[in-house]
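Comments concern the structure below.
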Amino acid sequence: MMLPRSMKFMTGRRIFHTATVRAFQSTAKKSLTIPFLPVLPQKPGGVRGTPNDAYVPPPENKLEGSYHWYMEKIFALSVVPLATTAMLTTGPLSTAADSFFSVMLLGYCYMEFNSCITDYISERVYGVWHKYAMYMLGLGSAVSLFGIYKLETENDGVVGLVKSLWDSSEKDNSQKIEAKK
């Protein structure tokens, strides 16, 4: 006797075939790895020494702990009112406010990328590539700081740059609309 599809759940018959269930059960879990970076060989379970050795905690570093968290929150909270002020004003911000906004935004980006590198390119797994990533982050931040200096001294700053890009796109759109008429 053939039952309609909606009635199969009442009879206790399987709706899914066994092959489908096996396919779900046979998938292997794979940890996140970066395909183009070589990894260091790891001991099983990440245990150094023997399992009976006492745990040796890493040395405390407040810059990577509580101070890091406080600085991250200070950067985030200082950027929000400055970004709001920059959006609400019609002209460019003062040089001091724009410089402070740019440096705080750069500091916040630095700390967040630092956290990403620490989490996903760990020194234990990737070895020297962790240090290379940190050097590249520092170099990129220094170049960005120089770029902020050039924007502040030669133009209206970062906020002026964003506003000029926004205005130019509005002018381009209005010119396209007028050209269609």
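Glycine too: its Cβ is placed from the backbone N, Cα and C atoms.
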Please state whether Swiss-Prot assigns L37 and S164 to the same topological domain (same side of the membrane). no
DSSP puts the residues of the topological domain 'Mitochondrial matrix' (119-127) at 6 helix, 0 strand, 3 coil
For the topological domain 'Mitochondrial matrix' (32-66), could you work out the same-chain residues 6 or more beyond its ends whose Cβ comes under 8 Å from its Cβ atoms? 118, 120-121, 124-127, 129
